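So the structure is just underneath, and the comments pick up after that.
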Amino acid sequence: MRLYVWMAVGGALGSLLRYLVDRMFAAAPGVFPWGTMAANIAGCFLLGWFTSRIIQRKAWPSMWEAVVGTGVIGAFTTFSTFSMETIQLIENGALFAAGIYVLVSAAGGLVTAGIGYRSGRRRS
C-alpha cells in the first residue's frame, strides 16, 4: 500500500512539472504544442538516464525506482496528449506542423533516451 501512495505522490509531482513546462511555452506564437514536445523529449532523456544509472545498477530500492520511473517521469511525459494534439493539428489543416511534430517527437525521444541512457552508464 505504501508503494501506491508514493507512486501517486510521484505522479502528482510529474503532472505538476509537466504543467509548468507547458506553461513556460504557452506564450510561444501559433498553435504548435511546444510544451508537450519539450516535456516528452526531456522525459525520454530522464527515463533513459534513470534506467541505466539507477535501475540497472540497483542503486535504489525497487520501490523508489517505481516512484520515480513510473510515477514522476511517467506522469511528466504524455503520449495521449501528444496523440490528441497531433489530431487537432491535422483537423486544423496544419498537416506540415503535424508531420514535424510526430517526426521530431519520435526521433527526438529516441535520440534523447539513448543519450540519457549512455550518459547514465558513463558516470560511475
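The chain as shown is numbered from 1 upward.
Just so you know, glycine gets a Cβ as well, placed from its N, Cα and C.
Taken straight from TrEMBL:
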TRANSMEM  34-51  transmembrane segment
TRANSMEM  63-82  transmembrane segment
BINDING   GLY74, THR77  Na(+) binding site
TRANSMEM  94-117  transmembrane segment
* Asked: How many other Cβ atoms are found within 10 Å of the Cβ atom of GLY74 (Na(+) binding site), counting all protein chains shown?
  -> 18
* Tertiary contacts of the transmembrane segment (34-51), as residues 6+ beyond its ends and Cβ separation under 8 Å -> 17-18, 21-26, 28, 68-69, 73, 76-79, 81-82, 85, 101, 104-105, 108-110, 112-120
* Asked: If you draw a 10 Å sphere around the Cβ of THR77 (Na(+) binding site), how many other Cβ atoms fall inside it, taking every protein chain shown into account?
  -> 20
* Asked: Using DSSP, would you call GLY74 (Na(+) binding site) helix, strand or coil?
  -> helix
